[in-house]
């Protein structure tokens, strides 16, 4: 989409020729007079064209007189600073700052302006596609290691294995570099090559890998006894197609009860939420109502429900991280009594964002309307309450402690409570959850540091924080208490 459209006024010359009559020699028009007439016509036509173009432009812009004056003021300030400021300014930065200022004034966390690079990353997240090698990586013990290569990915075909330690990318050391920086080094243009120097056991070798388009699936299926668990990570392009395929596969395996796990699913594409609901809800039914002032629109299902889905009982698992499109889908399934909802109250995001892309690759994302469930429930700031509550262990809901500060005994801070809850979950003796850094916490930290080969000083420093977070994530991934509780309820 271009930044704006130009209106062009097109004129067509009259090419009809008139044949001179025999009396034409008696018609005496001085050449200079003829030229003046023609110039007058051209000038008049030009003035009319310019005025018409300006009027049309103003009408099509949708701006009133006051708004046009404000826009002119912004343009004047931009030109003045660009031309007359005593230090040379970047035109791009001035433009971005002006846009950022307007968006910030909205005080809306969901509206934002993105640069071309940020837009690229955003689109990758929406589509699920990116160019790379298809290797999941993590930073552990100050080393970059491969968690696992994706199936049929360039990394897998090249021989990359789980637990490989990456020491160099294109012969540049990655030791001490942040994980996101290493990932950027690995990614690049499709068809180009990247060389990873990997350490496997005591051996170190270079592996050359050709970059390709990688698709990250948004739906994962796992059979748990006689129940199928379908984890839906986000609503991206073709999430509904992936879900449909997973349901058909589960049905062939004899599964007649599925769990749709939407925990920590932040949402995504609204149309995918509607298509997903259509898997379970027949044609012609409203999935979501959209409202913008007095304007209202209903998004309905366009096909009959999937035959295999009609044979199945459906349970939906949500938590406070289930938001936006996750809530659209859950709300529709709940209103039509197509599923029983378990877990904890959802996030509560009942507004919809629209995207406008510019010709330079940047975009603006802004809130345009609110949405309601088929029965008219507005969940913004309220969330959707489950039919059956399953509480999440405290340690799984903890906020990450900022690593730019070291905490000592005697301090009073909200993050101290997080340390206590986390260490208690990891098996260390803590008998209170106050926000005061006491002797008991210091003793527990010393034991934790000793158990994990860290410097033993009783202070909660960056390295202790990193290991603390790592251990809690490992514990959460190892035993999903909420899912296990639901599976037990369904027996």
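Heads up, the Cβ atoms here are built off N, Cα and C, so glycines get one too.
The active site, charge relay system annotation in Swiss-Prot covers 324, 335, 349, and the record cites similarity to another entry as its basis. What Swiss-Prot lists as compositional bias 'Polar residues' is 8-22. Residues or ranges marked as domain 'PDZ' in Swiss-Prot: 119-201. According to Swiss-Prot, the transmembrane segment annotation covers 31-51.
Taken together, the residues in the domain 'PDZ' (119-201) have a mean pLDDT of 90 on the 0 to 100 scale. Long-range Cβ proximity for residue 349 (active site, charge relay system), meaning a same-chain Cβ under 8 A and a gap of 6 or more residues, is found for 110, 267, 323, 324, 327, 379, 380. Taken through DSSP, the domain 'PDZ' (119-201) splits into 22 helix, 32 strand, 29 coil. DSSP assigns residue 349 (active site, charge relay system) to coil in the three-state reduction, outside any helix or strand. According to DSSP, residue 324 (active site, charge relay system) is assigned to coil rather than to any helix or strand. In the three-state DSSP scheme, residue 335 (active site, charge relay system) falls into the helix class. The Cβ of residue 335 (active site, charge relay system) lies under 8 Å from the Cβ of 373, 374, 375, 377, each of which sits 6+ residues away along the same chain.
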